[in-house]
Amino acid sequence: MTKSNPHIRHTHRYLLCSLALSSLAFANDAALQCTLLSNNAARLACFDTVYATHFPPAAPLPTAQNAKPALDLVQTVSSSIDNKEATPILSTPQVVPSPTLAAAAEAYTPLSKLFDLDQNDPGGILTVRAHHPMYLLPGWFNSNPNYRMQSPTQALVTNTPDEQKKIEAKMQISFKTKIAQDLFKTRADLWFGYTQQAHWQVYNGFTSAPFRNTDYAPEIFLTQPVKADLPGNGRLRMLGVGAIHQSNGKSDPLSRSWNRIYGMAGMEWGKLTVMPRVWWRIPEPASDDNNPDINRYLGYGDVRLQYRFDNSQTLGSTLRLNPKSGKGSMQVDYTFPVAGKLKGYVQGFYGYGESLLDYNHKHRSIGIGLMMNDWDGF
C-alpha cells in the first residue's frame, strides 16, 4: 500500500483553510457594503444573501397540536348586544411550544393542564385524569376531636377519648374523566369527577382501628375556556358550572349529606392561581334532611388559592365564610418535591366542616404525609 506524502496532506489542509478564510473574508467585505444601504428591508436582504451559505437555516419551533381557542368574553358580549342574539366570539389560539418545551416556556399552567384550556389532552375522552389531590397523611392530629356528633334532626351520638383518638390517618383519592369535549360553538368540555376522603383511627386498638368517617363526592361539571383581562395583569381563564352530591354513607343518626349546584371561575396572576366558587344547596324534604343548618357552617361558596415557587414547592389555601353567621374555615396546604412524582405534603385546618360528619364542629388539625399525583393541588 502506498503511503500518502505528509507534505501533500499539510498542503491540502492549508488550501482548505485558506479557502474558508477567504470565503469568510469575502463575506465580511460584502457585509460592510450591506451596511451602506439606507433601506431597512434591502439591508436585511443583503445580509441574508451574504451569510446564507455560512449558517444553516433555523429549524422551525414545533407548535402544540390541536390548539384550543378560548371564548373572548369582551368581544362576545359586545357582538351579542349589537346582533341582539348570542354571538360567541373565539379568540385566536396563541402559538405555544410543544409539550416538550412547554415547561420551559410556562405556556401550560395548572389551570390549563387540569381543564384542557389551551389544547385537548392527547388521551381524549373517558381517560382517568387527576382531579383534586390524592394524598395519604399517616399522622393527622386533632386538638379538639368531635366527641358529640349531632344535628338539629339527628340524635346525639357520643364517643369517649378511648373510642376516638386525637391522632389518626387521613387520606383522599380523586379523579375525573372527560365525557365530551369541544361542545357547542364555544369549545366547552363536560366532565365527571369523583372524590373520596376518609379518616381512619388506625392507631386505635381499643375499637379495632375503624374508619371513623368516609365522605363520597361524585360530581358532573362543564368547563368553558375564556379570555379576559383582570386588574393587576391577571387573566380570567375558565368559567364552569356543576352539580355535586356529597354524603358519608352512614345510617341514622350519623348520616350526613347534601346536594349542590355550583358556579366557578379560574383566574391567574403569574404563578398565583385563584378559583372562586359559589353554590346553591338543592332543598330536601324536612323528613330527609340530615343537616338542615349546614349552610350556616359551610357557607355559600369557597375560594381556593395556590402559588407555585420556582423550586417546585407550592403553597395553597381554601377559604370559606358565611358572613351572616361568621362561621367558616381555612385550610392551608404546602407541598415539596421528594422523588419523581411523589411530593411531601403538610395540611392544616381550622374551622368548621373538616369532614361532613363534623360539619358543625370546630376543628384545629394538622397532618403530614405524601401527595401521590404530582399535582400542584386544588
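Cβ coordinates come from backbone N, Cα and C, glycine included.
Under 8 Å, Cβ to Cβ, and six or more positions away along its own chain, His245 (active site, proton acceptor) finds Ala217, Pro218, Glu219, Ser257, Trp258, Asn259. Annotated active site, proton acceptor per TrEMBL: His245, in sequence order.
The active site, nucleophile feature in TrEMBL is assigned to Ser247. When secondary structure is read from DSSP and collapsed to three states, Ser247 (active site, nucleophile) falls in the strand class.
Summarising the annotation, TrEMBL assigns Ca(2+) binding site to Ser208, Ser255. Counting only residues at least six positions away in the same chain, no Cβ atom sits under 8 Å from the Cβ of Ser208 (Ca(2+) binding site).
If you look up TrEMBL, you'll see 1-27 marked as signal peptide.
For Ser247 (active site, nucleophile), the count of additional Cβ atoms within 10 Å of its Cβ stands at 17 [all protein chains shown]. Here the C-alpha separation of Ser247 (active site, nucleophile) and Ser255 (Ca(2+) binding site) works out to 8 Å. Non-local neighbourhood of Ser255 (Ca(2+) binding site): Gln154, Ser247, Asn248, Gly249, Asn290, each in the same chain, at least six residues away, with C-beta under 8 Å from its C-beta.
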